[in-house]
Amino acid sequence: MGELKFSMGPENETAVTEFILEAFSGLDQRLQLFLSLVLLLIYLTRVMGNATIIFLVCVDHCLQTPMYFFISNLSFLEIWFTSSTSIKLLMILGSGRRTISLSSCFAQSYFYFALGTTEFVLLVVMSFDRYVAICQPLRSAAIMKPQLCIRLVVAAWVMGTTFLSYRLLLLCRLTFCASNKIHHFFCDSSPLFKLSCSDTSLLWKMDSILLSFVMLGSLCLTQAFYTGILFCILHLPAASERKKAFTTCSSHLTSLVIAYGSCIALYVHPSEHVSLEANRIVALLNTVLYPFLNLFLYSLRKKTVIRALNEAIARATIKL
């Protein structure tokens, strides 16, 4: 374990310059090692799977459609989102390196929320694309032009990275002069704010208001598009088409329930009332389970993707 680092502030207070992430410290060492191997396998599967999706969309002309363009962007986002917390978690469980510097902690917190916000906006864009494809099939190509698709993705990234920039500015103004132990596996809002010696009331309120706006706003839009899709599905003439569409929508909705349900439970109401234990458990759903499900629900279970993957493997085999 690294050496604890402190510095003397202007008022002879001991200011914390390094944190210790105490997640799963109560578990047996062998159990921690086993858990690290399981999480490493899941992490590598996510990264390799998402990288494969991006590669296939780039090289296969059949996948160069608005839907797969958005899916490839979601895959790219998922790689960075999961890496922002999973790499440190693996280090904690595998090697016991629990220390994290103040600047790294703030950066991790910013990227977690910024990339999460970008993903919520991107999910709205994807639900809009599905609405147009199912409910306006004859106008789909005219509406979802490449220029519009690119602008929607750029808008999602800009909104996510700039909308949450206020957190980084306010975090940098906080001082930490008491305990430096964070009872979590990453620098989430609740445990970080509770450790600060500064007045965090403004951050609590801004987090509650702005994150509520992002999550509930995107949820309402996504729900509206999927409601429209369900009404269109009911009017499909063939029963086989209705069954296929319902299966696809139900899998997407399952993923959305996990994402929105866990985030709303943690961040919509004031975080002071959420226990750190509940925060840690629910955060695992966001950072481990949800991205893993997304890989299969949106990508790897689609026949077009499987066909493109088989063709790519066949071409590679022939060249060898």
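Cβ atoms here come from the backbone N, Cα and C positions, even for glycine.
Positions annotated as transmembrane segment by TrEMBL: 33-56, 68-90, 110-128, 148-166, 209-233, 245-269, 281-300. The domain 'G-protein coupled receptors family 1 profile' annotation in TrEMBL covers 49-298.
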With pairs closer than 6 in sequence left out, are the transmembrane segment (245-269) and the transmembrane segment (148-166) joined by 3 or more CB pairs under 8 Å?
no
Looking only at residues six or more beyond either end of the transmembrane segment (68-90), which have a C-beta under 8 A from one in the stretch?
21, 23, 36, 39-40, 43, 46-47, 49-51, 53-54, 57-58, 100, 108, 111-112, 115-116, 118-119, 122-123, 125-126, 129, 146, 149, 152-153, 156, 185-186, 283, 287-288, 291, 294-295, 298-299, 304-305
Within the domain 'G-protein coupled receptors family 1 profile' (49-298) only, compute the mean pLDDT.
85
